[in-house]
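Here the structure comes first, spelled out in structure tokens, and everything after it is commentary.
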There are 2 protein chains.
Amino acid sequence: MDDQINNSETSYSSWDGILHKLVQKIVYEALVWSSLHGLVVGDKADQRSGEVPGVGLVHAPFALLPKSFPRTHWQQACELAPIFNELVDRVSLDGKFLQESLSRTKKVDTFTSRLLDIHSKMLEINKKEEIRLGLHRSDYMLDAQTKDLLQIELNTISSSFPGLSCLVGKLHKYLLDHYGNRLGLDSAQVPENTAVIQYAEALASAWKEFNDSRAVIMIVVQKDERNICDQVVAVVYFRAGYTPNDYPSESEWHARLLVEQSSAIKCPSISYHLAGTKKIQQELARANVLERQELYDFLDNSNVIDNAIERPDSYVLKPQREGGGNNIYGDDMKEVLLKWKRKGSDELSAYILMQRIFPAVSRSIMVRNGVVHQDNAISELGIYGAYLRNKEKVILNDHCGYLMRTKVSSSNEGGVAAGFAVLDSVYLT
Amino acid sequence: MDDQINNSETSYSSWDGILHKLVQKIVYEALVWSSLHGLVVGDKADQRSGEVPGVGLVHAPFALLPKSFPRTHWQQACELAPIFNELVDRVSLDGKFLQESLSRTKKVDTFTSRLLDIHSKMLEINKKEEIRLGLHRSDYMLDAQTKDLLQIELNTISSSFPGLSCLVGKLHKYLLDHYGNRLGLDSAQVPENTAVIQYAEALASAWKEFNDSRAVIMIVVQKDERNICDQVVAVVYFRAGYTPNDYPSESEWHARLLVEQSSAIKCPSISYHLAGTKKIQQELARANVLERQELYDFLDNSNVIDNAIERPDSYVLKPQREGGGNNIYGDDMKEVLLKWKRKGSDELSAYILMQRIFPAVSRSIMVRNGVVHQDNAISELGIYGAYLRNKEKVILNDHCGYLMRTKVSSSNEGGVAAGFAVLDSVYLT
């Protein structure tokens, strides 16, 4: 461990020797704890991982200690969850609004276009979803200058990490129970995270509303080669299906359509899925639900585009689709925008131009692949929300747990699975 | 998974298709369960494993379903644990007996010789261990022909797998709770395994007897580079120190001597350690505590050696030391014995000649590295025992949980860590 700390980019020479030793000890304990409590993921360096469960495992990347976060903003974020839940539900009922808002995106983004096709078919047959289940996650950052809570995005499909985020919270509580005195930290300031239990309970409640004791819950995952079984399905929970990669052939699109046509409760339905696209979020932002990151459409905002070409570091181009790793920043973005201005094609409608957030930066000790790394880092807080409705009766509408992700502030990309961020938890101040 | 099952040595063509699918499903669930519940070990194929915790992890090898075991023999084995605990304690007090019984081994086995040297020094200074802690494990097999419970050996140092064996029991209970109906198996027949909790409680009780709230419990592990700390040590728990590999230099032997001279409670003390050598167990066997595997000394039993040369498959040569992988069988054994007869050296005193057990064979589905393998297998039951004594007061003397190990019956070697066996649990019949 010693060498690894010394070899990391940041020099630890300034650290107090005792603190250095204490960090080593805490890292060691954290790694052992992770192995024993399932805080593990598939190691991408191991070929077999992802093919067979239980092999090629490595601890999930984590921050060694929880990240300070103001209690008032935390409470605000939690209180917003049921409001967003309700908003997604109402928007999902307005099929015309969804189709019209996404009409330009449809022309250039084949993926969104396929989703809209399914949505159209449902409108045609006047398909009604009486029982609606939403498992969302709304992501926020704190703006460095204004200290405002800014919404980054709202995920309405396959909201990730309810399981691992709970474990990281438990890890941090465990570490603070043992080392909190020496670090001047109190484990009681780390809020309980019950995301995984509450998500499971929401799925169970939906199953109950379906009211058929023989029916099953089907979880759609990547590389799922099982045929749609001959059992009655009460709930279809999508843990895949949000990127074009999940539809390598027509048969996946056919399956998605079949699910949508069925009487099963979909989590999400095609309408909930579309309500989570950035374009729709841009529309919702106009309702001033929350002061949020500015989203700009291309055709309406040529002055904003000029501004972005002039000050490329203040903006970011994000694809409509989900999943990290495809954002365009800085000079790359400038080039794309200039090209667009010259050619004027519709190509960019697959993207949303966003005002870039400059979040608060603080030191973090991050552990990945057993290697410790200390650096300046920024954090993104996700608040999970669960919504369940049967006709006019709202059965569940609540925030339920959280996800904190921390990444080196020099890294532009955001996803934990994509290898840029580490899992973290919250230390309320 | 399909290919892996078909590629294994045993053809599954005779299997009923539904059963085959069910096995696949159970294997998948078992592998996921293992990842989530810490039923993992370091993957020897991964270079980093063992260097840093939390990386290069793979599920521990396990039997898919618990192994049938007669309830009467199970109870007998549990009831024997406190008797063996007491026996080890009494033998440990007879320093002269230990030295004399091992005098011939001492000449040829450098490792045992070094242990005896430390023991001699303690006798010289008349060192008394008032608080004595034993965490033993007695291993048994069922003889195929007589159905008798035969003791294989008694471990008095670093008895392995109290943690993983509890997890495999939990895994099997989980699987039977979900698939027991279809398999005709009842999870209630798998006895609760609390080995890890009871071992931890025994260590805590010893610490309490030491009666110094500032004192710590020190766990000695392989590659431990920490200096003996400047804290008062209440209990030294050896999880290493039982093979020559754990003493690469004189400094490890010096540390062992230091520990033995200290006032700390040793688990085990040098006397307890020596009481666990096969030679001493051979002596104890003469007391007819239990019908057990026959152990033969070389010089006293030339007729037995002739018999072993004639029927090499009925015997096995085992080294005095602990740790699997060094036994000599069959023709190899015959050659060694013939050479010994010609040359008559003392060399073989490092070994014990044992009557070979022919244990009951049954089919097992074993999972290792994510690969399923069905084969004829034999099982070895270990019963953990905990013993704690302060002067005349016996504070703890009980059996505490179990370890079941299953291996392909064609494999001669026994250790799970050595890669021949899988972890299993007990299904009482």
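Positions of Cβ are set from backbone N, Cα and C atoms, glycine also.
TrEMBL labels come from automatic prediction, so no person has curated them.
Some features that TrEMBL has for this protein:
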{"type": "BINDING", "residues": "A:Arg137, A:Arg405", "note": "substrate binding site"}
{"type": "BINDING", "residues": "A:Glu153, A:Lys278, A:318-327, A:Tyr329, A:354-357, A:Glu380, A:Lys407, A:Glu413", "note": "ATP binding site"}
{"type": "BINDING", "residues": "A:Glu153, A:Asn155, A:Glu322", "note": "Mg(2+) binding site"}
{"type": "DOMAIN", "residues": "A:232-275", "note": "domain 'Glutathione synthase substrate-binding'"}
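Distribution of TrEMBL features across the structure.
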residue	record	Cβ within 10 Å
A:Arg137	substrate binding site	27
A:Glu153	ATP binding site	23
A:Asn155	Mg(2+) binding site	20
A:Pro319	ATP binding site	18
A:Tyr329	ATP binding site	16
A:Arg356	ATP binding site	20
A:Arg405	substrate binding site	26
A:Lys407	ATP binding site	25
Three-class DSSP secondary structure - A:Arg356 (ATP binding site): coil
Candidates A:Arg137, A:Asn155, A:Arg405 (binding-site residues) - the one closest to A:Pro319 (ATP binding site) by CA: A:Asn155
Nearest of the binding-site residues (A:Asn155, A:Arg356, A:Lys407) to A:Arg137 (substrate binding site), judged by Cα-Cα distance: A:Asn155
Pairwise Cα distance for A:Arg356 (ATP binding site)/A:Asn155 (Mg(2+) binding site) [Å, integer]: 19
Residue pair A:Tyr329 (ATP binding site), A:Arg405 (substrate binding site) - Cα distance, angstrom, rounded: 20
C-alpha spacing of A:Glu153 (ATP binding site) relative to A:Arg405 (substrate binding site), in angstrom: 14
Helix-strand-coil residue split for the domain 'Glutathione synthase substrate-binding' (A:232-275), DSSP-based: 21 helix, 9 strand, 14 coil
A:Asn155 (Mg(2+) binding site) and A:Lys407 (ATP binding site), distance between Cα atoms, whole Å: 19
